[in-house]
Amino acid sequence: MRVAIETYGCTTNQADSDIMRGFLSGEFELSSVEDAEVVIINSCGVIDFTERKIIRRMLDLKREGKKVVLAGCLTRISKEALSVADSALSPDNLDMVVDAVYSALNGRKLFTERRFIDKAEFSHLKCRLRENAIAIVSISEGCLGKCSFCATKFARGRLRSFSMDAIVREAERAVRAGYREIQLTSQDTGAYGMDKGRAMLPELLRKISEIEGEFRVRVGMMNPQHAVRMLDELINAYSSEKIYKFLHIPVQSGDNRILEDMKRNHTVEDYVEVVEAFRNSFDDVLISTDIIVGFPTETEEAFWKSYELIKETRPDIVNITRYSARKGTPAARLRDIPGWIKKERSRKLTDLMRKIGLENNKRFVGKKLRVLVTKEGKNGRNLARMNSYRAVVTEGAVGEFVEVKIKDCRFNYLIGQLAAEQPQ
């Protein structure tokens, strides 16, 4: 029996797919989607557009005669997606994936009951695709927030932090196996440990930094309200050369009233304090943030506050999302803003983000830098990362640290040439 997994969404889903492949490999032949008889769709439910896309994909696969197992967040968010699937497997039932496949073949059954499983304890089973030098390591499931626009909470639930020792062991195994970039992922890395009584992310980073070998760690998204409360300890942990000086800190709006409506539990000032502290502590920090445009209560004045915040704090990456109502969330009960207004606000913010990104990157042109090559690209050019996680397109073998000279840049990446190839 041939089984394939198709993954959508965040790095947490990618890590979940690695675990499922491990369980499946002992029972089935893992194949491409084209050759598979059963396809597991590991779904994302962040926005309505993605949900519709996934449902269409499931219907297409069924028309081809394939059985479809729905996994991921839509198992708890979308009744329509569940109705299309031949079986379903929620994120806290990954160890039952073999049963879910047999259920799709022999009689529909849903594996969606609420359970707590420490996914770090399954890490030794992971079957990663050796496409690059990156290993994704989950550190927790769920979050402490109650954002009024977010449906992911329905799928992932309250925060459950995984065993620190098991996480460190997984990172150590990955480094020994040749992976050079460890990506720590969760719905909110800054909340790690808080369900156990204290903030434990800095301690986790210190322990991973002590692993022997040359590698880098990318810390995933953390919310401002957690980062600001452990700022000194967090910056101290980031001082290790093994930790990318990369900070993904979503502000979502530049207006505190909108943040209250979103139930974000932080202020604009919290975000600014964290960004300024990191920039004052390190020579080069890559700041990434998220903005939702067109939230139902966002006025024109509120939007321009978001615009001015981005203009003033100059993040390198701004993930811009046009608000879309998710069924069952408090925000879905509010009157929506017309689509053309959302589109126009998104365009203005995108133009600003591209301008700032280009200006931020120009200062590196002409410099020689040591980078880690992490992914294969096209036409002999691969993706590498600076110590700040800034993207560099260059030559070099995946998994190797190389010296490059930056020749040019775009708003979202630098273009480098191997220093050894520079004309004398």
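A Cβ is built for glycine as well, from the same backbone N, Cα and C atoms used for every other residue.
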Annotated companion of Cys10, Cys73 at the [4Fe-4S] cluster 1 site, Swiss-Prot, chosen from Cys44, Cys127: Cys44
For Cys143 ([4Fe-4S] cluster 2 binding site), the three-state class that DSSP assigns: strand
Residues satisfying Cβ distance under 8 Å from Cys150 ([4Fe-4S] cluster 2 binding site), sequence separation of at least 6: Val46, Arg326, Thr329
Same chain, 6+ residues apart, C-beta under 8 Å of the C-beta of Cys10 ([4Fe-4S] cluster 1 binding site), given in sequence order: Cys44, Thr185
Other CB atoms within 10 A, centred on Cys143 ([4Fe-4S] cluster 2 binding site): 22
Around the Cβ of Cys73 ([4Fe-4S] cluster 1 binding site), the count of other Cβ atoms that are within 10 Å: 29
Sequence-distant neighbours of Cys147 ([4Fe-4S] cluster 2 binding site) in its chain (C-beta under 8 A, six or more apart): Lys153, Met262, Lys263, Arg264
Average pLDDT across the domain 'MTTase N-terminal' (1-106), rounded to a whole number: 93
